[in-house]
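Everything on this sheet refers to the single structure shown next.
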């Protein structure tokens, strides 16, 4: 192989390795400038309180004055009465992080002073006003080995342009002798203390808080969601994007998902403070995890039929639809077993949603010795298209939801949807930072896949199957839907003003946020 061919081969190998190492997110969180402004507002209020509690060191020293001699001074018991940050803003620095700029801040300080020149001594108190304080803070964003976000101060600078002091004492002429020295030393001490406090506040307050973002969320006894970061948060000119793995997994045995996450084109929406983008990969891993855990199986027995329903799940009832049952299995209880042969696969596109799940319904007769005799196997095929992506939240929250097609109003809101013609109508809402919902079932379409009791008209079973779905299966689905699943949010964040949109391979959820501080004890 020639040198040129070798170089081409090495380049191709490097490209393949780079592509193999690239990880597309399954879930994206975008914080807009409006969201950053709100977070900045909360943070500045905390920083202002922190700065007002600064402990300033005593200042003392000596200096010589020509024709006067050595002057010894002491400044003690410095008390920072207030520290105000009236003007500040937070800015996105693309490819770097965030920058907080504070201008025209001011503070007030009380203290005692003492001076000695030869045999002359004097002491008193003073009031000091620090004006036109400028603070610039650069924040670096990253992620740790566990996939949690990190934040640290990469740079901090403070500049004070004006200090005014009012001294009390007997000898006014003494004050001017050491004022400039005191002012200079005090200015440097305060500038240093401000940045020390900022760095400490970021490490002890902000960093622990951002790490409350959950990297795993338990959904139920079978599955959880992996919300770990696949890359450090990325700042652009308009938003801060956080790419998460966004993958459901089985709690019993986590296996590799057999399909990769698609590349996402996040839409340029900035009306809300925060956006959550859930890709088709996110929901398809839910189907994969629940199917692998054996959760896409549901059994219906006679004991599950609600009181007030005037029929039973037995061969006597079903013989009206399948006459052979009365002769072959007279007066025996039955069991229906619903199962998905494979994990359902969903597609999200600009035109809507697409899902074609195939569910098998196996009917059994329960023999006197408690063994099961197979009767017939029905196939439930639901071609599903939807005009809104909100249905996917329901599928993610409840794996059994894939058994039914859903159609939604395109202009869905946070708490209600207008049902359209289709197999299932639904309502979606946000409750305690969880996506929740409820379903109403319409008619289903059945076909006979196999019969152990001879041929019969499947369409005659349609009405009774609808009753089973609405009175038994649906209440269990809605109970699970009401639990929902958690969004990746740090502590004490509440969502409001919800919107839902859909794009290629992406369900988009937008919201405004509100931070709920801890109650003081």
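Even glycines carry a Cβ here, placed using N, Cα and C.
Here TrEMBL flags 156-195 as disulfide bond. Shown in sequence order, 135, 136, 137, 138, 195, 198, 199 are the residues of the chain, 6+ apart in sequence, with a C-beta less than 8 angstroms from the C-beta of residue 156 (disulfide bond).
According to TrEMBL, the feature domain 'Lipid-binding serum glycoprotein N-terminal' maps to 30-253.
Under the heading domain 'Lipid-binding serum glycoprotein C-terminal', TrEMBL lists 268-511.
As annotated by TrEMBL, signal peptide applies to 1-22.
Within 10 Å of the C-beta of residue 195 (disulfide bond) we count 17 further C-beta atoms, all protein chains included. Taken together, the residues of the domain 'Lipid-binding serum glycoprotein N-terminal' (30-253) have an average pLDDT of 89.
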